[in-house]
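Let me begin by presenting the structure, written as structure tokens, before commenting on it.
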Amino acid sequence: MNAITAPSPVVAVRNVTKRFPGVLANDRVSLAFHAGEVHVLLGENGAGKSTLIGILAGMQQPDEGEILIDGQAVRIGSPRQSLEFGIGTVFQHVLLVPSLSVIENLMLGGGWWGRLVKAPALARFRELSTLLGVAIDPDAIVGRLSLGEQQQVEIMRALWRGEKVLILDEPTSMLTPQGVRDLGEVIKRLRAKGVAVILITHKLLEAYEFGDRISVLRLGRVVGDIPPERLSAMGEAEATDAIIELMFGKEAARSGEAETLVDTAHRQRQVARDRAPRLTLRGVSTEAARGECPLREVSFELWPGEVLGIAGVDGNGQKHLAEVLAGQRGVSAGRIELNGGDITGAGVPARRQAGIRYVTDERLGEGTVGIFSVATNLVLKEIGRPPYWSRGWSDWDGIHGHARDQIGRNDIRTPSERTPVAKLSGGNIQKVLLAREINSEAQVVVFNKPTYGLDLQNTRLAHERIIASADHGIAIVVISTDLDELIKVSDRIGVMFQGRLAGIVENGPDIERRVGLLMTGVEAA
Amino acid sequence: MNALLAQPFLTALVFGAITAGIPLLLAGLGEQISEKAGVLNIGIEGMMLFGAYAGFVAAYYSGSFLVGFVVGGLGGALVAALVMLLCIRFGLNQIVIGIAVTLGFEGLTAILHHFQFSRTYPRLAAAPVVDIPGLAAIPVIGPGLFSHNAMVYLAVALVAVLAWAFRHTYFGLNLEAAGNKPAALDAAGIDVMKTRTIAVLCTGLLAGVGGAYMANVGAGIFVPFMTGGAGFIGIVLAMLARGRPLWVLLGALLFGVSLSMTTALQVAGVNIPTDVVQMLPFTMVMLVLVIFARHSVLPPALGLPYVRGDR
Amino acid sequence: MSASADIDLTAAEQERQERRREILAAVLRVLIPVMAALVMGGIILLILGKNPLDYYGFVLRRGLLTWGGLQETLTRMAPLLLIGAGLIVAFRAGIWNLGTDGQFLIAAVLSAALAPALITVLPDALTIIICMVVSMLAAAIWSLIPAILKARYGINEIITSLMMSFLGVSFANVLVKLFFRDPATTVPQTMSLAVEDRLPRLFDTTIHLGLIIALVVIVLVHVMMTRTAFGLKLQVVGANPAAAVHAGLRVGWLTIATFAISAGLIGLGGAVEILGVWGVVRADWNPAFGLLVVPLVFLARFNGYATIGFTLFFSALMIGGDSAARRVGVPNDFVLVLVALLLIFLAVVEYLDHLRRKKAGA
């Protein structure tokens, strides 16, 4: 299907297959990457994009198939070899040592025993700074840079030993709209210099905006390919249709999943704000912890049945906001009220009793205990309280019965209620969390990145769940870095910038621009 | 009171402090290298003990202190290789394996010694001493500070070398990355396993030499269990020094002084239980910890095995 | 209808088979390391020119198969089980309490100092109870500094508890030499508790009541960890501290409680050993049981019942090894080598098991 077309590609994979326990991550994938071309790999979570770049980056070995570099079959046995072949990768997670300076991070990998000679490294640093058109202090400690700057350092590191191929894995997920534009500039410059850029994304619009060629992956296979000559002839709408057809097939192109992907409709709903607010924050601040952005005088009101979206680049205080609402973190100043009553000093159990729920984004990090059973995780926030505990004794039969009930009701796919929760898929772990947090007693629910890492079907379910909860009169806060998602579910959208709530805007036609301005701190509402 | 200021007392105190401090210094520096790379090396006690035994036997049969140090270092490195295999290659729990190695080599050296020497404790000749010209002649402190086995000067020089190497070489950079963000080191094309392997082998080497010094120079004999927690003190020193070799030196001297104080006090005819003096350094360290608790920092990846692709 | 019933049946059958396989695997995971350690230890003995069968045979006979030996073995179990119980609480809560020896000795010295004094004014039973309570409290207090540093500042408890252990051992000696010294003796030691005032013997044996106390305690600990809210909370803290915070557990308080309970039980071990066996603490006495029990608790995978079995095995090894030192000419330090081998093989088997599961696709 992927005719390896002339002129000869810089890098190509041919019939690459990679299996993981229970999953066929890559199934006879063949792709060719050309110099001076931005090649977009598009697909939803679990489509096999990450595995493919893992193979090109030398982190994983294919079970079958071969990798060609300049027409020669090669084996990329380690990240080092990948770099030596001129393939640089910028991963989704920051892979820099936070305690080292920029230049030290870039020199990392330069060898084993020698003295650090900075002069040549600085020369190369300036060369790349010019190439990328960025200005960063080489002696700055990486941990103190913004995420956008860290990403620029990562791109430099990827290009450090050669500028043949640059792989970018979901590079826009942690950037401001301005940062995305800057990245676009960098990509254009690199393309002009003849670098083969491989861009991994799950966002249609990005694929169209940045890509010269688009390949679509689904369930480990390449299901389609739009070459440059075809893509350049298409308009945006036309391209979108073509890609959706590739992703879902002709007849399914208008299915729910496709809609989830392209639906950018604004939520239009009337929320009655003439009564007393359900939740009120007045001047809430927190103390700074290492590497975290504290809150500074955050105030807002939230009414029953309303969905308040919180947008912003990661690391602008969203984590503290969620934790303060859940009662996990104390405030240093300010006041929080629920239905007019002061709950500022209440901890997690008291807030939970009062109906405040928190669906965390760190599903395995803090939301669940991975080695514990699904059943235990479903009552993790109730330990010691009736009905499953009396006088401190556990009623395991009751706990397991409750779990079987919830598993059936919430369609949690698990072998049994005794299965360790870490063995479930991300979507099913999310269902466990939703089952635990959302019930008839919920008054306020805080969602942090509710669809992060989920496939389209589970993303749609999560969105439906949020809207359904709001329709039941629950007041909802949704924190997300995905603006499209917020536009889809929110009544109003607030923007966090450097720990402050830079402003709240009503959802409406012009919202992208207004939120974008708030995100960069240009405009204070 | 006069007796405490008398020359023999002070000379004995300073000399003893250095003799007792050098094994701690070597162990602490070694542990520091491991910790920087993200390996918590609880088995260092076993490495010291095996180094002490191997070093002693080598020196005993060869008559050469140099051979003793070399074999002691290799012995320590051999134990380190075992730790490396189990903890770094297999990714087994570093604390469990550390305890196992400590227990195992306590037992093994004791029975090896038993089968070799039965119940006798043969003594080596006094270790050769290098006087630093001029300085050694300074009254009172001269003989205590500048009249020692060559290993003492080497160990102190190592402090400066490591302090420089941590900051200005790729070796230091790689160690720092392996402890702070192993995935970044891996992505940069440096093998994390290899980095940690080298670090652990360095630890074993230094701990082994430290053990050999303790047996051959410090005591002149090998006694089972003779390290008596010196390796654990090394761990404490490394943790408190937070990556700075000079602090290990200061800590080792502090412990050395209090260890030698007991002997020195006996020389001076003062009679208080040795245990009181032995409590001093631990008490001071705990006080330091309590006071500076807020500022204590350890590498985030300490004690965690690295698996490529696990994040 | 019938099709789905069939599926249910096979699912249930599969689950039963699965369980059976799991039990078998669990038994193998323990048996293989034990056998491997014994074989490897045998090889070491062969190299040293001793007949391993002689040695193991002697240890087995002396440690388990003679009445006197068995009594000694069972008596030795009491402090080991109590230390084990303390370690289970700590390890299950993810806390590395390596301060065992200090906690044990401080408790032992206090019991040895208090009992001879109290026995002159109080009834026997009351004396023993007070001694136990005071010992437990003292050990718990001794663990407070590492506990608070961990709870408040997240300072690694391995290091602080180890240091407090060194301090505790020295401090116990200072107590014996300076404060509780029996003036009538030349070698410093505490006053001694007369044999008839010690913990009562069980029937006509030399085994004292401490064994029963220890068995009850370890079973209680097991029940607490598996069947109560408190135990589950500790396990949440141990398995994922972030999840504990998220679930609103008071992690700091639980950490301190864990340390206190752990140290308290270890202290009870010290008290029982003095009140049951020695009646006195001599200066520089330190049985150093702490690190020895760690492997047993690991081997038992923090399971209380399994710990009883391993403690029996290990006590027999210690008692048999002591006599073997005299009779077969293998120093009893060889027991340390065996324990180390056991621990290493346990870890290796676990690793291989992990690899196998990974390959099988979990």
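Even glycines carry a Cβ here, placed using N, Cα and C.
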**Request:** Using TrEMBL as the reference, determine which range in B:95-115, B:116-136 is annotated transmembrane segment.
**Result:** B:95-115
**Request:** Decide whether the stretches the transmembrane segment (B:150-166) and the transmembrane segment (B:6-27) have at least 3 CB pairs under 8 angstroms, with pairs required to be 6 or more apart in sequence.
**Result:** yes
**Request:** Run the contact check on the transmembrane segment (B:198-215) against the transmembrane segment (B:6-27): 3 or more C-beta pairs under 8 Å, excluding pairs closer than 6 in sequence.
**Result:** yes
**Complete:** Lying 6 or more residues past either end of the transmembrane segment (B:6-27) yet within Cβ distance under 8 Å of it, the residues of that chain are 44, 48, 139-141, 143-145, 147-148, 151-152, 155-156, 158-159, 206-207, 209-211, 213-214, 217-218, 227, 230-231, 233-234, 237, 248-249, 251-253, 255-257, 259-261, 263-264, 267-268
**Asked** Near the transmembrane segment (B:221-240), which residues from the same chain, at least 6 beyond its ends, have a CB less than 8 A from one of its CBs?
**Response** 23-24, 26-32, 34-35, 41-42, 44-49, 52-53, 56-57, 102, 106, 109-110, 113-114, 121-124, 207, 210-211, 214-215, 247-248, 251-252, 255, 281, 285, 288-289, 296, 298
